[in-house]
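Step one of this worksheet: look at the structure below.
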Amino acid sequence: MPRQGPAADTVNDSPERARSRHLSPLLRLLRFTWPYRGRLLLALIALVLAAVALLAFGQVIRAVVDRGLAADSPQALNLALGLFLGVVLVFAASVAMRSYLLNWIGERVVADIRRAVYTHALALDVGFYETTRTGELIARLTSDTALLQVVVGSTLAMGLRSAILALGGLVMLAVTSPKLTALVLLGIPLVILPTWLIGHRVRRLSRQSQDRIGDIGAYVDETLHAIRTVQASCHEPLDAERYGARVEEAFTTAMQRSVASALLAGVASLLAFGAIGTVLWIGGHAVLAGEISGGELSAFLFYAVLMAGSVGSLSEIVGQLLRGAGAAERLMELLETAPAIQPPPRPSALPRRVAGSIRAERLTFRYPARPETPALANVELDIAPGERVALVGPSGAGKSTLFHLLLRFYDPQQGRLTFDGVDLRTLDPSALRRHIAVVPQDPVIFGASAAENIRYGTESAGDAQVHAAAAAAHADVFIQRLPQGYDTFLGERGVRLSGGERQRIAIARAILRDPALLLLDEATSALDAESERLVQDALSHLMIGRTSVVIAHRLATVREADRILVLDHGRIVAQGRHAQLLAQGGLYARLAALQFQDLPAAAVG
Ligand SMILES: Nc1ncnc2c1ncn2[C@@H]1O[C@H](COP(=O)(O)OP(=O)(O)OP(=O)(O)O)[C@@H](O)[C@H]1O
């Protein structure tokens, strides 16, 4: 299925490139804001009310000056103050309401998007993760959503507010004094343009400065994670030097930014107050000439400052909106990426009692990333329920690929694969996987307790079942010896387990799952004799009464297998029992001598 994943090269994008060229992707967020339209409407009402109240201040100022001060009337002044307090009350209430409602919507929408994206990411097929770096997905879930939160929660509203204030301010200016308005309109670019240009440079430098800090973080992360390799290679002085160079780069960029911000502060103050002074001077003369009243001049000044402020902030707001649009575009693209492996509209059902038979008919599969060479070619296979099958073959023969297809991580391009007689393509992948347990070569231990690690995938199991599974997998003994027994935290920041212990946890996990089909990839690393015996014993126990397919690396496994399949270049080149295949000589005999570490030389014959 052709699909358009998020561009794989955007993870280290500078914020400049991460911007969208249009604001239209923001419209795609409507789907997430729509459920909260009631609150959104209220927030908009509050926003407009706050802007109108702010504009009304100008009129109150005018009344205070003209009716109260100039007319020398205490009553009028009292009345004006009352009016002022009324406007303040409306303004304060609507600002508080707007701020709360918009923040709520911003946080809510981002929480919904995070959940939707993560749930969708979990459903994407394995092939997707071969072409996308997980770091990129994490960036989507953290930084892109954080950016959207700011955009939805404040920037959009600020943009609307600034537009209302700029337009409203202009109308009020024109109403107050058309002549002065013409002057202000001529003057605004003189004030805004230089400030905007320097401001643009400041923003670019601060983003660069953040990028430099990101570089520092990435370097620390890489070296400290690999501290053993760093120390073993005596790489510390070199790393300290390289890190130092990066820190200095960050400092230099930060200093350039500081110079630009200092310049901005100076120029902006100079221009703003210079402009106010000029309006006051021209307006003052107009007042003296009796063209306008003192109140009108005060109101005029108020609107001019309001308008200039709003126009000035628009460029920054648009920049932020474009970055938000970029984030929205990437997130929505991810959400619209269709998984290549999906349940069919009407999935077939497996029998109530799954027996665990497997059949492959002319099975041919090529990995999407390597369409030229088939990883499996024309494989014909019939595995009976309860059969123990060992897969043997040189590296790259296609053993793991067969597992991937059995788990329906991919669909074959030709032929078909059935489980209990049902074509895998017609099954819901999770309905199929429920009947399969996988014990990988190097099992994953999650950052959770020992009991939770065994329960992984069978969450409904009770404590007694977990303990029984652990006992059957010979994991019970070492778990009991852990500081808090089954409650001991395992994984990266907890107790680290040895290879053999990890395998036994994985075996216990598989026993608890009680699957019809067991896929086992035997560890290649040699365990000590005692661990080996425990693991082997646990595995034999696990295989009883179920179909098992094992990528074999041990003599005991091939000896006990009902059938050995020898794979080479994606084809089954021989099959039979161990002794038979050895007697035939050929690839199996050669592989046996090389692969089974525990095979005495004599047995290879
Ligand atoms: N995700 C992938 N994308 C592209 N090609 C792949 C992918 N995984 C495996 N291959 C290729 O498919 C072929 C079969 O690989 P597979 O992993 O099934 O071999 P294997 O027999 O399990 O090998 P090993 O014993 O080394 O694990 C190899 O040529 C391999 O390079």
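Keep in mind that glycine also has a Cβ here, set from the backbone N, Cα and C atoms.
TrEMBL annotations: computationally assigned, not manually curated.
Listed in TrEMBL:
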DOMAIN    41-323  domain 'ABC transmembrane type-1'
DOMAIN    358-594  domain 'ABC transporter'
TRANSMEM  40-65  transmembrane segment
TRANSMEM  77-97  transmembrane segment
TRANSMEM  146-174  transmembrane segment
TRANSMEM  180-199  transmembrane segment
TRANSMEM  262-288  transmembrane segment
TRANSMEM  300-322  transmembrane segment
Exercise for review: Would you kindly list the residues that approach the transmembrane segment (262-288) from elsewhere in its chain, counting only those six or more residues past its ends and only Cβ-Cβ distances under 8 Å?
Suggested key: 177, 179-180, 183-184, 187, 190-191, 194-195, 198-199, 202, 294, 297, 300-301, 304-305, 308
**Study point:** Touch test for the transmembrane segment (300-322) and the transmembrane segment (77-97), at least 3 Cβ pairs under 8 Å
**Key:** no
Check your understanding: When you scan the chain for residues with a C-beta under 8 Å from the transmembrane segment (77-97), skipping those not six or more beyond its ends, what do you find?
Key -> 42-43, 46-47, 49-50, 53-54, 56-57, 60, 63-64, 67-69
Study note, to complete from the structure: On the domain 'ABC transporter' (358-594), the mean of the pLDDT values is 88
